[in-house]
Amino acid sequence: MTGPTCLAVVAGISGVFVFGALFSVAQIYNDISSFADNAHRELGEFKGFANDAWNSMVNHDDATRVARSVFVRRHKKHSQCNCGPQASNCPAGPPGPPGAPGDRGLDGQPGGAGNPGQPGVAGPKSHEQQECIKCPAGSPGPAGAPGAPGPQGPNGQPGHPGQGGSQGPAGPRGPAGDAGAPGQVGAPGNPGQAGRGGQRSHGLPGPSGAPGPQGPSGAPGQPGQSGGQGQQGPAGPAGPDGQPGQPGQDGQAGAPGNDGAPGADAAYCPCPSRSGSSSAVETGAAEQGYRHRAVAARHRNVIRRRVAKKRVVKKKRVVARQA
């Protein structure tokens, strides 16, 4: 294999690898863009679930306030309190979420009239004519750039005719002329005298003559019998591995997971025990709030599991393509 052929082969292989690298980069960029779009969409869904949970919690707080107001009114009617011991030295609970934005305020009243301004100052009665200030002349500026060439001038007057020159020296000898035409054929000569009788002898055979020209091609022969079918050759070696195939489509979303176990109680003070119908009202409101919180927590867990699963699938695809 010659040098140019080797160079062409190496250049072709390098071009194939470069094209494959560019294709891989484009695929990775496409996967990253798809992953970012999916993440934004899932974050939007999660935000919607969070807003729904927050609205349900706000509604629960309103219901709790109503229940508390009913309990307070009933508590004022009783002469005696059967409540348990009140808790003391309780740590402050975590700050609640920000409230909903309030309504826009009313426009302000128009302002009053401003105070009168200061009296103006009288100007001069007459203007004096002043002479202009004469400044000394400055130094001359630098030379300007050369101007454009002017137009072409008119043609000059024709000159006087020149005088005749003297005879020049003899030139060099020229080359020999061409050969002349061949002369005419001379007249035939007179016949010569008869020769004497020579001795006869047999000479040696002369050398072989040159081979003659090749004869014409003969007529085509009869077609021969067809040969039998040859035996099948051995199997060739296995070819190189092909390019990795296109990634498969995303599988269907899995079924939502089972409900999580209820969490442990937070670090809040224990509520005092109550008796009567007021405890039943607050117990029902507390159970309703717990259901809302459990539903919101279940939605958050489902979304987190989906996001984590999709991230693992994306990472596996990127690793498979790089390999």
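Cβ coordinates come from backbone N, Cα and C, glycine included.
The signal peptide annotation in Swiss-Prot covers 1-28.
The feature region 'Disordered' is assigned by Swiss-Prot to 80-293.
Residues or ranges marked as compositional bias 'Polar residues' by Swiss-Prot: 80-89.
Under the heading region 'Triple-helical region', Swiss-Prot lists 93-125 (among others).
According to Swiss-Prot, the compositional bias 'Gly residues' annotation covers 108-117 (among others). Residues in the compositional bias 'Gly residues' (108-117) partition by DSSP class (helix H, G, I; strand E, B; coil) as 0 helix, 0 strand, 10 coil.
Nonlocal intrachain contacts for the compositional bias 'Low complexity' (136-146), taken as residues 6+ away from its ends with a CB within less than 8 angstroms of a stretch CB, are lacking entirely. Among the features that Swiss-Prot reports, compositional bias 'Low complexity' is placed at 136-146 (among others).
Confidence for the region 'Triple-helical region' (138-200), expressed as mean pLDDT, is 79. The region 'Triple-helical region' feature in Swiss-Prot is assigned to 138-200 (among others).
Annotation comment: Swiss-Prot describes 159-168 (among others) as compositional bias 'Gly residues'.
Marked as compositional bias 'Low complexity' by Swiss-Prot: 169-191 (among others).
For 203-265 (among others), the entry in Swiss-Prot reads region 'Triple-helical region'.
What Swiss-Prot records for 224-233 (among others) is compositional bias 'Gly residues'.
Taken from Swiss-Prot, the feature compositional bias 'Low complexity' covers 234-267 (among others).
Here the region 'Triple-helical region' (138-200) is broken down by DSSP into helix, strand and coil counts: 0 helix, 0 strand, 63 coil. Same-chain residues lying 6 or more positions outside the signal peptide (1-28) and placing a CB less than 8 Å from one of its CB atoms are 243, 318, 321-322. According to DSSP, the region 'Triple-helical region' (203-265) comprises 0 helix, 0 strand, 63 coil.
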